[in-house]
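What Swiss-Prot annotates here:
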ACT_SITE  CYS23  active site, nucleophile
ACT_SITE  HIS132  active site, proton acceptor
ACT_SITE  ASN147  active site
COMPBIAS  299-327  compositional bias 'Polar residues'
DOMAIN    10-193  domain 'Josephin'
DOMAIN    244-263  domain 'UIM'
REGION    281-336  region 'Disordered'
Amino acid sequence: MEEAAAASNGGLLYHEVQEGKLCAVHCVNTTLQGPFFSEFDLSALAVDLDQRERQVMSEGAAGAATTAAGDFLAEGEGSHNVSLGGDFSIQVLQKALEVWDLQVIPLDSPDVGSCLFDPELETAFICHLQDHWFCIRKVNGEWYNFNSLYPAPEHLSKFYLSAFIDTLKGSGWSIFAVRGNFPKECPMATEGSNGFGQWLTPDDARRITSSCNQVQTPTQQAGVSLVADQSEEMSEMDMIAAQQEEADLNAAIAASLMDTGGPFANYAAHEESRSQDAFAIESTSGEMSKDGNLEEQGANKSETSEPNSDNIESASGSNPKQNTTSLEGKESIKED
């Protein structure tokens, strides 16, 4: 398998960046390390598979097989191997790789030999979860993650490869080993035939991956801080509205229980009364806290506005006795 992995292409890596839902196309081409298939090629394979499946189901035996065939054919003319968005089934990927004499084997298959399985001895893996496909491929003796959601292939060390595959399996990913005679070289003239591919040196791939990681890290941190700030901005009115909504919900549940009668009626009435009392207490305490804050603010304002008698006397710069003497002198002058 080591010789099969030695694709030359001048030491370049072939990578395709995600376009729509064509991850299956990208997965097949990065497995082959070249733009060998387009979405139209895989669509043709899907149509052929659909026709064969319908033929097999329509020729099924009587009984359960006929019922299953009826259910299968009743789904209309829609394809069972490609969605309207361009997501292809594993059968389509298998057919595409069979063109190049490659086999797609599930890792949980006895053919893989799970007890003695060593991922470093393989050449390529296909990974699938929900609607996404991507390829892990050995090129020139080094492993790369050719996920089309990445701007460039991500290098994987041999130690990390096993841990990465185990993590994928533990997360529910379906993983398939690809075995056979891989194409050793793809003519560079075919580059851009599907409009998605690019040839990169390992250094270029490493540089692109590093730069993207540096750009994403501050953005992710900003996003986390923004969420935290938004969560702290919940006003008291929002809290009161949430409490009112909870009280209304409890009252509605209690009313439905009372309508049923029986032993639930008394319990429902008690729950309804308790929820209403709880909300009233919370609302009252909220209003009291508001009134207390307003009174405290008013007291602070009154203390600030009241003049200090000592300050007034010192500001006038006069003594009360002196003021009294001056008034008596003025009265005596008037009498004379």
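Glycine is no exception: its Cβ is also placed from the backbone N, Cα and C atoms.
The residue listed as 'active site' carries neither a helix nor a strand DSSP state and counts as coil. For the domain 'UIM' (244-263), the model's pLDDT averages out at 56.
Mapped onto three states, the DSSP output places CYS23 (active site, nucleophile) in helix.
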